[in-house]
């Protein structure tokens, strides 16, 4: 890969917006399932799940890695637009701080209705990854790669249990850095749950920033590179998964047969994202991104998927409003059906014995949600295009 640091400013890239829009609607599916399709088993527990529940959950695994990666790509594109690293640094840092605060102050209560436990999820990790990237952008691309590649490829060699034991009362630090878990405070019911540790997520964003340079190449060269990189990731995933040599704490179980064998092969570890998980998700995502570059030149095909750009252009706006809508609808539904509002995400034990999870109901609510939010997202995207107000760029 030949790196270049200067080019003419770039306009908005349709293929990125379309892919980001696809990510957003899949994310909404997962969040709808979390409230409307609560099951007594994990959807990815092969011993108990059904393949329909498994793949409803599995397809959404692509969301976080690709969104974090594309955020890095977008950071590079923004740098080409402003032609000023200081402006990029300031934007990344201030937006990162804003996202961290948004996660704590707004997103957490929209999920669960209180602050008893603050859950640091994807918005939190996006914020901190942007803050870290605001420093890394001053390094040459090869040095950024020399940092993020080991983070992505070697973090599975870390022994979380051993490190947590050695850190003792400072084990909370390792939960923030690498091991998903709860942070409790003495003599307090308040706690923090770290769902998305820093490692390796910041490395995914840094990789996206470096790969973003392909957008100053000619389209044929860019398409070829993205395709080859994606296929390379897929091949690495298949080899690592098939051999069970490295890269995921849950090995593929060859004793399964049929659809269960397929599910076992694809059932990689998300929290924190294993190397195999990242290869499995980023690989196809890069290939799809390359194909979208071709489709945008074919107007008949482009017109059929262009609606995804509406969601892809305002992802944070969608995120902030979609969770309370899903939650609110679920509370109203349970109140009408069971006589009391139940937050099915955090209080599933309150569901009566008559409750049965319904994937069809989940899918219907998901489609309804997208239909309801399409027009507000379209109007907000139009407002952002018309206005030069910097504040709008933060939502």
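Quick reminder: no glycine exception, Cβ is built from N, Cα and C everywhere.
Looking up the ranges 90-112, 159-181 in TrEMBL, the one annotated as transmembrane segment turns out to be 90-112. Among the listed stretches 190-211, 313-335, 355-377, the one sharing the most Cβ pairs under 8 Å with the transmembrane segment (143-158) is 190-211. When pLDDT values are averaged over the domain 'Heparan-alpha-glucosaminide N-acetyltransferase catalytic' (12-218), the model yields 94. For the transmembrane segment (274-292), same-chain residues at least 6 beyond its ends with a Cβ under 8 Å from one of its own Cβ atoms are 14-16, 18-19, 61-62, 65-66, 69, 152-153, 155-156, 200, 204, 222-224, 226-227, 229-234, 236-237, 240-241, 246-249, 266, 268.
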